[in-house]
Amino acid sequence: MNIKPEEITSIIKKEIEKYEKQIKTVDSGTIIQVGDGVSRVYGLDDCMEGELLEFPNDVYGMALNLEQDNVGCVLLGNEEGIKEGDIVKGSGKIVEVPVGEALIGRVVNSLGEELDGKGPINTNQTRPIEVKAPSIIDRSSVNEPLQTGIKAIDSMIPIGKGQRELIIGDRQTGKTALVIDTILNQKGKDVICIYVAIGQKQSTVAHIVNTLTEMGAMDYSIIVSSTAADSAPLQYLAPYAGCSIGEYFMNQGKDVLIVYDDLSKHAVAYRTMSLLLRRPPGREAYPGDVFYIHSRLLERAAKLSKENGGGSLTALPIIETLAGDITAYIPTNVISITDGQIFLESDLFNSGQRPAVNAGISVSRVGGNAQIKAMKQVTGTLRLELAQYRELAAFAQFGSDLDKDSKKRLEKGKRLVEILKQDQYKPLEVEKQVIILYTAVNDFLSDIKVEDIKKFEKELLEYVDTHYRELGRQIAEEKVLTDEIKAKLEVAIVEFKKIFLQEA
């Protein structure tokens with residue numbers, strides 16, 4: 001076989017022309033210490049704060065401390081098999097979570113990985129967990145109500161779409177029950193609900209998933225779970241991940257409700273990480289920026305302006321207090337960040353008033369603008385009447401003889417307190433709340449025994465539903481109590497009361 005030297009030369013020239021001289025550079029470092037979910041890495045000269053790092057065994061980490069000669073990282077997975085001397089690579093990205101419609105009805109962890117055994121999540125869209133909050137220009141004022149279905153809240157402490165309303169109270173006062181009822185009440189209202197469980201028991205999360213599934217609420221809900229068994233870094237990331245998932249829907253013009261249960265455990269997880277990274281401790285051993293971790297999370301809740309799609313993200317953070325102490329560090333921080341708080345009291349809870357809302361110190365700073373006019377008309381004096389009742393009840397304990405007017409107020413107060421009680425998993429539509437509260441506030445219950453109030457309420461709603469169905473529809477549509485509606489309503493109440501008193 002005869003090969004000409006020119007042919008060989010041309011083949012070699014072609015191969016040289018084809019050759020692409022590309023050098024792939026990776027910022028890498030060496031582990032000098034690992035343990036307790038944190039690691040120190042030497043090298044990583046171009047590392048950024050919050051950057052996602054690749055450790056051996058498919059474990060990821062996040063850079064938090066950028067020091068002169070090393071980088072302090074937290075591990076977002078199991079540290080088994082990771083040892084001193086291993087190579088760590090920088091990714092140039094920050095932590096992202098999958099977002100999209102595919103997440104609805106699913107249970108995921110802080111990194112968006114499925115936990116419910118229903119197979120992988122089919123979405124190719126991701127979003128960084130840390131995003132800048134919408135600016136003042138991008139927002140509009142809170143002007144639409146978010147109905148919780150709970151009489152005590154929708155009447156006196158109304159919540160608007162895009163608001164941040166803190167739910168605060170001791171353990172076992174019904175904080176989670178209150179938010180689950182709120183989620184159940186969003187059925188058919190085109191609101192996507194996200195429940196973020198931080199440091200909860202796995203059994204508690206499983207119970208919540210079962211409840212929402214049974215009630216048909218998982219069709220519009222997402223659960224982000226980071227249980228007590230997860231590491232502190234994963235618990236720390238959970239609320240930010242949930243918030244990013246919610247923002248995706250908000251940016252599409254949808255309404256989203258997100259619950260953080262609870263931020264006390266979130267602060268404890270951050271404190272654990274900070275102390276392990278040897279950051280200087282401050283008050284109650286929390287690091288100096290513990291206020292900032294909550295403020296930057298809750299500032300992402302917003303009602304967007306029409307130009308930006310008009311979507312909203314309403315946040316209900318939960319804080320657990322110790323012996324009702326709302327002056328502790330984390331409770332005061334979160335109270336100052338949010339637009340109001342609902343305070344739940346163990347004394348009220350134990351005395352049978354559930355939901356155990358203390359109307360005296362609970363407040364909604366912006367929700368009043370969002371409350372429907374019909375509810376405003378009905379409950380204008382409700383808070384004042386309850387306050388007067390509490391004062392009189394305390395005075396009456398001393399057995400003093402009360403005048404006729406005071407006795408009347410006392411009796412009315414008892415009935416108002418009774419009417420505000422509500423069973424769990426039974427949220428009420430706003431028009432039904434208006435009917436019930438109108439009855440109570442306008443003295444239609446004065447001749448009904450206190451112990452019969454619950455029965456009266458249930459049967460009155462059934463009666464109105466059967467004989468005056470258009471009344472509820474009118475209130476829901478017009479959102480205001482016209483003289484015509486009031487007259488019809490009073491006729492219905494008087495008619496039913498006659499029947500009820502005859503049966504009694």
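Backbone N, Cα and C atoms are what each Cβ position is placed from, and that goes for glycine too.
Secondary structure from DSSP puts Gln172 (ATP binding site) in coil. Long-range Cβ contacts of Gln172 (ATP binding site) within its own chain (separation 6+, distance under 8 Å): Ser346, Phe349. Under the heading ATP binding site, Swiss-Prot lists Gly169, Asp170, Arg171, Gln172, Thr173, Gly174, Lys175, Thr176.
Per Swiss-Prot, site 'Required for activity' is recorded for Ser362, and the stated evidence type is sequence analysis. Classification of Ser362 (site 'Required for activity') by DSSP places it in coil, neither helical nor stranded.
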Same chain, 6+ residues apart, C-beta under 8 Å of the C-beta of Asp170 (ATP binding site), given in sequence order: Glu320, Thr321, Leu322, Ala323, Gly324, Leu344, Glu345, Ser346
Inter-residue Cα distance where the pair is Ser362 (site 'Required for activity') and Thr176 (ATP binding site), in Å: 17
List of residues, in chain order, with Cβ under 8 A from that of Gly169 (ATP binding site) and at least 6 apart: Lys175, Glu320, Thr321, Gly324, Phe343, Leu344, Glu345, Ser346, Ala356
Same-chain residues at least 6 apart in sequence whose Cβ lies under 8 Å from Gly174 (ATP binding site): Leu344, Phe349, Arg354, Pro355, Ala356, Gln424
Protein Cβ atoms within 10 Å of Arg171 (ATP binding site), excluding its own: 11
